[in-house]
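Everything below concerns the one structure shown next.
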Amino acid sequence: MRLHIADHPLITHKLTVLRDKRTPSPVFRQLTEELVTLLAYEATRSVRVEPIEIETPVVKTTGVALSTPRPLVVPILRAGLGMLEGMVKLVPTAEVGFLGMVRDEETFQPTTYAERLPDDLSDRQCFVLDPMLATGGSLGAAIEFLFKRGAQEVTAICLLGAPEGVAAIEKQVAGRDVTLVLGSLDERLNEKGYIVPGLGDAGDRLYGTV
Ligand code: PRP
Ligand code: URA
């Protein structure tokens, strides 16, 4: 597994505001989008392109276009939905699939309650969006789901990750083509499975408590 931890003062600044418990939902949503766009720049470094010929007003020249099949972006509902706009801003032609998952707050086991993805993902570059990598249960299950459908390559973008979650994903995906892009690698998980220092419950902060 390749691990990329963002190292940029703008990302750290935006994450600081995001972590602050006084930051209201509308600002939290806006910052989440901005952060994803910045992280997506790194996460799409290996996106597949093919050469094309174009004409500028001056000469003929060559450039590139995104290859087909198009990249597939998969937000993990609910909190991952808050990352979608920021991602498709950078890759507007990407296809979007959905996975709905919720973790049991006592056992930390994830349950999948919704799925809307192409049946065959062979040869697809998949980009999974989930703001929080805590125990790694949810992201791990999402990655397995995509590989079972034939995905060759999965890149996950998370705003915050705990070392425990990173280690769990690393162990699980050994030998497969997985890249993890984090806005920050935080200190640890607490006894409730929350990331420390973290930002609290990402879904609640984006959308309010349900
Ligand atoms: C949160 C978060 C991740 C998961 C992380 O979702 O968005 O999906 O928990 O925890 P894990 O790494 O221990 O699995 P949650 O289950 O709270 O659902 P929500 O997005 O609907 O709030
Ligand atoms: N899910 C969240 O939303 N936050 C955490 O810190 C852990 C899991």
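Each residue, glycine too, has its Cβ placed from N, Cα and C.
What TrEMBL lists as 5-phospho-alpha-D-ribose 1-diphosphate binding site is ARG78, ARG103, ASP130, PRO131, MET132, LEU133, ALA134, THR135, GLY136, GLY137, SER138, ASP201. A sphere of 10 angstroms centred on the C-beta of ARG78 (5-phospho-alpha-D-ribose 1-diphosphate binding site) encloses 17 other C-beta atoms.
The uracil binding site annotation in TrEMBL covers ILE195, GLY200, ASP201, ALA202. Neighbours of GLY200 (uracil binding site), defined as other CB atoms within 10 A of its CB across all chains, total 15.
Taken from TrEMBL, the feature domain 'Phosphoribosyltransferase' applies to 6-209.
Separating the Cα atoms of SER138 (5-phospho-alpha-D-ribose 1-diphosphate binding site) and ILE195 (uracil binding site) is a whole-number distance of 14 Å. Among the binding-site residues ASP130, MET132, ALA134, GLY136, the residue whose Cα lies closest in space to that of ASP201 (uracil binding site) is MET132. For ASP130 (5-phospho-alpha-D-ribose 1-diphosphate binding site), the nearest neighbour among the listed binding-site residues (ILE195, GLY200, ALA202), judged by C-alpha distance, is ALA202.
Ligand 2 lies within reach of MET132, ALA134, ASP201, ALA202 from the binding-site residues ARG78, MET132, ALA134, GLY136, ASP201, ALA202, judged by a C-beta closer than 6 angstroms to any of its atoms.
Those residues of the chain, other than ILE195, GLY200, ASP201, ALA202, with a C-beta within 8 angstroms of the mean position of the uracil site C-beta atoms are PRO131, MET132, LEU160, TYR194, GLY198, LEU199, GLY203, ASP204, ARG205. One residue stands out among the binding-site residues ASP130, ASP201 for having the most other Cβ atoms within 10 Å of its Cβ: ASP130.
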